[in-house]
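Just passing along the structure, written as structure tokens.
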Amino acid sequence: MTNLRKTHPLMKIINNSFIDLPAPSNISAWWNFGSLLGICLVIQILTGLFLAMHYTSDTLTAFSSVAHICRDVKFGWLIRNLHANGASFFFMCIYIHIGRGFYYGSYLNKETWNIGVVLLLTLMATAFVGYVLPWGQMSFWGATVITNLLSAIPYIGTTLAEWIWGGFAVDKATLTRFFAFHFILPFIITALVIVHLLFLHETGSNNPSGVNPDSDKIPFHPYYTIKDALGLLFLLLTLLMLALFSPDSLGDPDNFSPANPLNTPPHIKPEWYFLFAYAILRSIPNKLGGVLALLASILILLIIPLLHTANQRSMMFRPVSQTLFWILAANLITLTWIGGQPVEQPFIIIGQLASILYFMLILVLMPMAGLFENYMLKPKW
């Protein structure tokens, strides 16, 4: 008798995706972050669902409804802390996941990569509208500053901003629609994840060497299920440690004050995971130029497959590209630091230099390094 998991229409899909899936035998722990992102998504949807049961999307009661969740709802404090810090872990995992794809040349699976970039943009939109919901000072002013960037678009900008606000400023209508967006977007993300996996399983996983692994494959279960379970254990442990012992360390103290349109906080800044893009936005004195640079800093990921010049797929055996990759990583950390600093010297010039270096590394230096490495590998006799 044939096994049910191989014949049943639904079980067959699960079997071919998570059990009998042929996987390269040499994929490292850097490949764990895909499954961790899936776990993060499940955690966020579940905790978010329970928060939505008690939250009210009205400017008069939003802030106090969040306080009510933390004080009066059974384990409400834990659900909220897991949701708020879960977002940080989601971004930590996605940035490492993108970095791994960049380092090992996974972007040459173009469909999977492009869907991944769309996923990143959707996740950023979800996190942004979610940050507005508690209706604290930083929520309100963050929403005001970021949505105001739309007014930089020539001719239609102001109309577009007012259309998104549902009025002449960020107010009740904005909060209500942001809650609606924040509720629906995770389900759109889930659909995109399925498409992402569909395209991934068309080509199969890449591996650290970048060489075609078809000659040496092993079944996903039990080898990678147990490996993913270990990663999951680490993720849950660190998330619980953060949510239980230091839940507010990644947040902004200003968000403990209710939103006040008449009082601007001294330093308006987004959550830490947007600071690198915020630093790039601020490094250009012109409003429209800043918005374009902000968009370019994310959308540049779409053209990375076109900038691949090396004969080898992975950076594993390409020391020059490796060096540039880690300079890029350090540069992004620098931008994240600058994004959280006030707009004054020397932070302005550091931010401008780091922004120029970010685009230079991706658009010029890394493609040149690939060509140089090709030349170095050519026999010279």
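Quick reminder: no glycine exception, Cβ is built from N, Cα and C everywhere.
From Swiss-Prot, for reference:
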{"type": "TRANSMEM", "residues": "33-53", "note": "transmembrane segment"}
{"type": "TRANSMEM", "residues": "77-98", "note": "transmembrane segment"}
{"type": "BINDING", "residues": "HIS83, HIS182", "note": "heme b b562 binding site"}
{"type": "BINDING", "residues": "HIS97, HIS196", "note": "heme b b566 binding site"}
{"type": "TRANSMEM", "residues": "113-133", "note": "transmembrane segment"}
{"type": "TRANSMEM", "residues": "178-198", "note": "transmembrane segment"}
{"type": "BINDING", "residues": "HIS201", "note": "ubiquinone binding site"}
{"type": "TRANSMEM", "residues": "226-246", "note": "transmembrane segment"}
{"type": "TRANSMEM", "residues": "288-308", "note": "transmembrane segment"}
{"type": "TRANSMEM", "residues": "320-340", "note": "transmembrane segment"}
{"type": "TRANSMEM", "residues": "347-367", "note": "transmembrane segment"}
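What does the local environment look like for each feature on the list?
The DSSP secondary structure for HIS83 (heme b b562 binding site) is helix. In sequence order, GLN44, THR47, GLY48, LEU51 make up the list of same-chain residues 6 or more apart from HIS83 (heme b b562 binding site) whose Cβ falls under 8 Å from its Cβ.
Annotation for HIS97 (heme b b566 binding site): same-chain Cβ neighbours under 8 Å, separated by at least 6 residues, are PHE33, GLY34, LEU37, GLY116. When secondary structure is read from DSSP and collapsed to three states, HIS97 (heme b b566 binding site) falls in the helix class.
Cβ-based neighbour count (10 Å, all protein chains) for HIS201 (ubiquinone binding site) stands at 14.
The list of residues near the transmembrane segment (226-246) in space but at least 6 beyond its ends in sequence, with Cβ under 8 angstroms from a Cβ of it, reads 29, 32-33, 35-36, 39-40, 43, 78, 81-82, 85-86, 88-89, 93.
Here the transmembrane segment (320-340) has long-range neighbours at 99, 102-103, 269-270, 272, 274-280, 282, 310, 347, 350-351, 354-355, 357-358, 361-362, 365-366, 369-370, 372-373, meaning same-chain residues at least 6 beyond its ends whose C-beta is under 8 angstroms from one of its own.
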Would you kindly check 33-53, 77-98, 178-198, 347-367 and say which stretch has the most C-beta pairs under 8 angstroms to the transmembrane segment (113-133)?
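Against the transmembrane segment (113-133), the leading stretch is 178-198.
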Would you mind checking how many other C-beta atoms are within 10 angstroms of the C-beta on HIS182 (heme b b562 binding site)?
22
Compute the C-alpha separation of HIS196 (heme b b566 binding site) from HIS182 (heme b b562 binding site), stating it in Å without decimals.
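Cα to Cα, HIS196 (heme b b566 binding site) and HIS182 (heme b b562 binding site) are separated by 21 Å.
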